[in-house]
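Going by TrEMBL, these are the annotated features:
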ACT_SITE  A:Pro2  active site, schiff-base intermediate with DNA
ACT_SITE  A:Glu3  active site, proton donor
ACT_SITE  A:Lys61  active site, proton donor
ACT_SITE  A:Arg275  active site, proton donor
BINDING   A:His96, A:Arg116, A:Arg165  DNA binding site
DOMAIN    A:2-119  domain 'Formamidopyrimidine-DNA glycosylase catalytic'
DOMAIN    A:251-285  domain 'FPG-type'
Amino acid sequence: MPELPEVEVVRRGLERWTTGRTVAAAEVLHPRSVRRHEAGPADFAGRLAGRTLLGPRRRGKYLWIPLDGEEEAVLAHLGMSGQLLVGEPDRDREKHLRVRAGFADGGLDLRFVDQRTFGHLMVADLVPDTFDKAALVPEPIAHIAADPLEDAFDAEVFFRALRRRKTGIKRALLDQSLISGVGNIYADEALWRARLHWARPTETMTRAEAARVLEAAQEVMSAALAVGGTSFDSLYVNVNGESGYFERSLDAYGRRDEPCRRCGAAIRRDEFMNRSSYSCPVCQPRPRRARY
DNA sequence: CCCCGACCCTGCCCGC
DNA sequence: TGCGGGCAGGGTCGGG
């Protein structure tokens, strides 16, 4: 799902509704949702009981809530269908409720709802950040790159890493160790804006082309964030269950056979990594030497 | 090491 | 209606 803007919408909701509150008890209703917490579901729940949640942080598509003491954090990834929701504790249980935390103040509870269970939660140690020495990041994601909306993001480092790769630009944009936060929608949107084909080989990209696609990614994700993210359906919502409005602003993603908003040509859909890539056949011509 | 494809899940929508 | 196939915004892992 959720790419950077949608995860940031969730982070802002948590900041408002859970910061400073103390967990009374947590329960894990589906063990797969905490599969990366190696000590198991009971340990996960036990580590939350009695802990106070500090201000939530985000890098790329990962979200974490530092716990009092700032030595560890609840790390969350929403996968394709994960939601973090706050609401009245006595409301009905959602069909795909996986983890629930109730608070000592008896107020709104926090729920992790995830239809497809590709998302996960874990409690992880915080370690110093490689990019921003003053900051802490959860150890399991210390290896992922900064995201393009962070001050710590280094465009020159990104460009040099791109040139060392032998792959297509879209695959590189989706590689969280090169640049984090970009997923299938915003990769297509950034490439459309930058007029680059998804199979453009990274090793021959110019500094100007790399700057163009990077700037496009920053612009499109900022614009999406400003209107609450992209929602096609009820799976992608903020912590209060509300949808964003960016879908109406998409130029490429999901627009197969619809006219390109620049040149009028019919947007094409290609198979890519068992998924889809949308692009304009005129504005984004296939490179002679394509890489997938 | 790098790169790529297979795989993990559930539900919805479409065509037959 | 019922059913099978395709598709969905994620990451991980193992083979080449």
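Just so you know, glycine gets a Cβ as well, placed from its N, Cα and C.
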Reported in the order helix, strand, coil, what are the DSSP residue counts of the domain 'FPG-type' (A:251-285)? 0 helix, 12 strand, 23 coil
Position of peak Cβ density within 10 Å, selected from the recorded positions A:Arg165, A:Arg275: A:Arg165
Pairwise over A:His96, A:Arg116, A:Arg165, annotated as binding DNA, what's the top Cα to Cα distance to the nearest Å? 39
Excluding its own, the Cβ atoms lying within 10 Å of the Cβ of A:Lys61 (active site, proton donor) add up to 25
Within 10 Å of the Cβ of A:His96 (DNA binding site), how many other Cβ atoms can be counted across all chains shown? 19
Other CB atoms, at most 10 A from the CB of A:Pro2 (active site, schiff-base intermediate with DNA): 27
Distance between A:Glu3 (active site, proton donor) and A:Lys61 (active site, proton donor) at the Cα atoms, whole Å? 6
CA pair A:His96 (DNA binding site) / the residue listed as 'active site, schiff-base intermediate with DNA', Å rounded to integer, equals 17
Is it possible to get the count of other C-beta atoms within 10 angstroms of the C-beta of A:Glu3 (active site, proton donor)? 24
Work out how many Å separate A:Lys61 (active site, proton donor) and A:Arg275 (active site, proton donor) at their Cα atoms, rounded off. 19
How many of the residues that make up the domain 'Formamidopyrimidine-DNA glycosylase catalytic' (A:2-119) does DSSP mark as helix, as strand and as coil? 27 helix, 43 strand, 48 coil
As a whole number of Å, the Cα atom of A:Arg116 (DNA binding site) is distant from the Cα atom of A:Arg275 (active site, proton donor) by 17
Rounded Cα distance, in Å, between A:Arg275 (active site, proton donor) and A:Arg165 (DNA binding site) is 22
